[in-house]
Structures are given as structure tokens and as C-alpha cells.
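To start, the structure under review is shown below, and the notes come after it.
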Amino acid sequence: MSHAVKIYDTCIGCTQCVRACPLDVLEMVPWDGHKSGQIAASPRTEDCVGCKRCETACPTDFLSIRVYLGDETTRSMGLAY
């Protein structure tokens, strides 16, 4: 299944998505521009199975991490014309 994962700038650096991932494809990276000092990095999508547990774990009102499956990938990420 073709899918993509996007980390939005609303990430609060809480690590909930990283801990929720059963395949350990997400990681936090240092980022000086954020009050937590870290932010979720783009995952290894070749290992991601699209379970969306990271989305479910995200505590922000606007999901900071989104998994786009199949056709919604290009539309939802604003890549379709």
C-alpha cells in the first residue's frame, strides 16, 4: 500500500507518537527553534505499515502527524493539481 507520513509544525515534541509506533519508525530530533528542544522527524516510510497509531497518540487539537494512505496521499498533502 502506498502511503506517506507528514509531520506538521504543530508538533509539541511530546514523544507520544514515537512511543506509540509498534515498528519504531519515528524518532525525535533536536530542534533549537522549539521550546521542547526536539521535534518528531519524518519516519522511514519504507518500514511504516500505515497503522496510524501515531495519529491516535497525538495530543494536539490539530494532529501534528498524519498518515496518508493511497489516493489521499497527493490530495491531502496538497500535491495534486
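Using N, Cα and C of the backbone, Cβ positions are placed for all residues, glycine too.
Keep in mind that what you see is a predicted model, and the values were worked out from it rather than measured.
Positions annotated as domain '4Fe-4S ferredoxin-type 1' by Swiss-Prot, on the basis of sequence analysis: 2-31. Under the heading [4Fe-4S] cluster 1 binding site, Swiss-Prot lists Cys11, Cys14, Cys17, Cys58, citing sequence analysis as support. The [4Fe-4S] cluster 2 binding site annotation in Swiss-Prot covers Cys21, Cys48, Cys51, Cys54. If you look up Swiss-Prot, you'll see 39-68 marked as domain '4Fe-4S ferredoxin-type 2'.
The two recorded residues, Cys21 ([4Fe-4S] cluster 2 binding site) and Cys58 ([4Fe-4S] cluster 1 binding site), show a Cα separation of 11 Å. Here the domain '4Fe-4S ferredoxin-type 1' (2-31) is broken down by DSSP into helix, strand and coil counts: 5 helix, 8 strand, 17 coil. The residues of the domain '4Fe-4S ferredoxin-type 2' (39-68), classed with DSSP into helix (H, G, I), strand (E, B) and coil, number 5 helix, 6 strand, 19 coil. Look at the Cβ of each of the binding-site residues Cys11, Cys14, Cys48, Cys51, Cys54 and count the other Cβ atoms within 10 Å; the largest number goes with Cys54. Applying an 8 A CB threshold to same-chain residues 6+ apart, the list for Cys58 ([4Fe-4S] cluster 1 binding site) reads Gln16, Cys17, Ser64, Ile65. Fewest Cβ neighbours within 10 Å among the binding-site residues Cys17, Cys21: that distinction goes to Cys21. Here the candidates are the binding-site residues Cys48, Cys51, Cys54. The one whose C-alpha lies nearest to that of Cys14 ([4Fe-4S] cluster 1 binding site) is Cys54.
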